[in-house]
């Protein structure tokens with residue numbers, strides 16, 4: 001069989017290259033060989049019929065929880081990678097809050113070995129900012145980078161010590177690593193479990209004010225100005241955080257940010273509308289309609305660089321409990337494109353900006369070799385049917401997690417083919433490869 005693959009007749013949307021039009025993508029030896037309007041295909045060459053579909057660079061997710069090692073009952077690198085390619089993601093960044101925490105080469109190498117064995121999405125490990133993510137002593141950044149980490153985070157745990165955060169930014173700068181930070185002041189969070197506002201009052205639940213995020217974002221931007229380190233703000237959820245990042249960028253500071261599909265599409269009112277469903281409990285919590293508008297505007301104008309899922313699978317035991325006691329987080333790799341395509345239909349985003357925020361935007365934020373269909377780039381591609389409608393059935397997801405707020409929702413937009421390094425690793429309607 002020929003080692004050449006043709007993706008024919010689709011609308012190629014590649015913001016990194018400025019391409020948007022019907023083209024044929026030619027893949028040879030795992031690389032993009034050509035993107036052209038007219039290409040003659042040899043008889044023995046494999047082909048994907050992409051007529052009436054979008055063809056984009058494979059999606060890049062800067063924020064996923066693959067749970068391995070230590071929590072394989074929730075997810076494994078293999079099941080998470082399978083969910084990723086089913087959603088069009090060809091590269092994912094694995095957060096370090098595993099058991100043990102990824103604060104050393106041994107854990108990083110294990111994650112990479114599991115990813116290689118799965119042979120699906122590319123997995124980029126994120127190392128811990130502090131040893132054990134305990135916020136007391138910095139991890140060995142040189143060791144983490146040398147073993148394959150592309151960024152650093154104590155994800156799920158804010159770095160409460162300003163002195164430690166300063167040292168982390170300085171130390172990470174020496175290795176060219178961004179810090180991707182969960183921003184919340186735990187003193188303001190207290191025992192809160194949802195956004196502080198009228199909805200929390202009606203539901204009788206303790207609230208978390210938006211300012212818990214805002215003050216930490218402002219602090220860390222000030223520390224970036226002091227140190228010159230690179231800051232990436234994880235899962236932005238407040239209007240104040242968007243304003244702070246916008247101003248930091250205006251001043252030329254090395255600050256980037258991401259936002260999740262759920263913080264773009266849901267509000268704190270959905271907690272009550274769902275009947276206290278724990279599939280609507282996450283951290284940061286679903287915010288007010290004003291915050292959602294600000295996040296949408298921030299994504300549309302480029303203040304926020306990337307859409308990231310914060311894919312966080314949990315077992316039923318951890319979710320089928322009272323709202324106060326339930327684990328935070330939802331799965332999102334397989335629904336992200338569909339949910340965000342809804343924003344395009346609402347007029348909140350353009351098609352180009354949606355693709356940009358799923359591809360070259362995140363790739364640039366972390367300096368990853370991804371997010372483009374330029375000649376010579378790795379042939380990581382998503383083929384998408386933007387018109388296809390489907391109903392979310394948690395039992396049919398590839399992830400081990402079933403914790404999705406989109407259960408039973410009718411969504412539009414499916415990934416029909418995912419290609420990694422020139423190999424078709426996902427084809428809708430066919431058995432897993």
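Here the Cβ of each residue, glycine as well, is placed from N, Cα and C on the backbone.
Annotated in Swiss-Prot:
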type: ACT_SITE; residues: 310; note: active site
type: BINDING; residues: 63, 65, 155, 310; note: Zn(2+) 1 binding site
type: BINDING; residues: 65, 66, 67, 97, 283, 314; note: substrate binding site
type: BINDING; residues: 155, 182, 235; note: Zn(2+) 2 binding site
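Shown here: features listed in Swiss-Prot, placed on the structure.
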residue	record	Cβ contacts under 8 Å, 6 or more apart
63	Zn(2+) 1 binding site	93, 95, 155, 180, 234, 235, 258, 260, 308, 309, 310, 311
65	Zn(2+) 1 binding site	75, 80, 94, 95, 97, 155, 310, 311, 312, 313, 329
66	substrate binding site	75, 76, 77, 80, 81, 92, 94, 95, 98, 111, 123
67	substrate binding site	74, 75, 76, 80, 98, 313
182	Zn(2+) 2 binding site	153, 154, 155, 156, 157, 158, 234, 235, 283
314	substrate binding site	74, 327, 329, 401, 403
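Neighbour counts were taken as the number of other C-beta atoms within 10 angstroms of each residue's C-beta; across the recorded positions 155, 310, the minimum falls on 155.
For the recorded site, residue 65 (Zn(2+) 1 binding site), the DSSP three-state label reads coil. Counting every protein chain shown, the number of other Cβ atoms lying within 10 Å of the Cβ of residue 235 (Zn(2+) 2 binding site) is 25. Neighbours of the Zn(2+) 1 site: apart from 63, 65, 155, 310, residues of the same chain with C-beta atoms within 8 angstroms of the site's C-beta centroid are 64, 95, 97, 156, 234, 235, 308, 309, 311, 312, 329. Residue 182 (Zn(2+) 2 binding site) falls within neither a helix nor a strand when secondary structure is assigned with DSSP, and so counts as coil. Binding of substrate is attributed in the record to 65, 66, 67, 97, 283, 314, and the widest Cα separation among these residues amounts to 17 Å. Note: the Zn(2+) 2 site is recorded as 155, 182, 235; in the same chain, 63, 95, 153, 156, 180, 181, 183, 234, 283, 310 also have Cβ atoms within 8 Å of that site's Cβ centroid.
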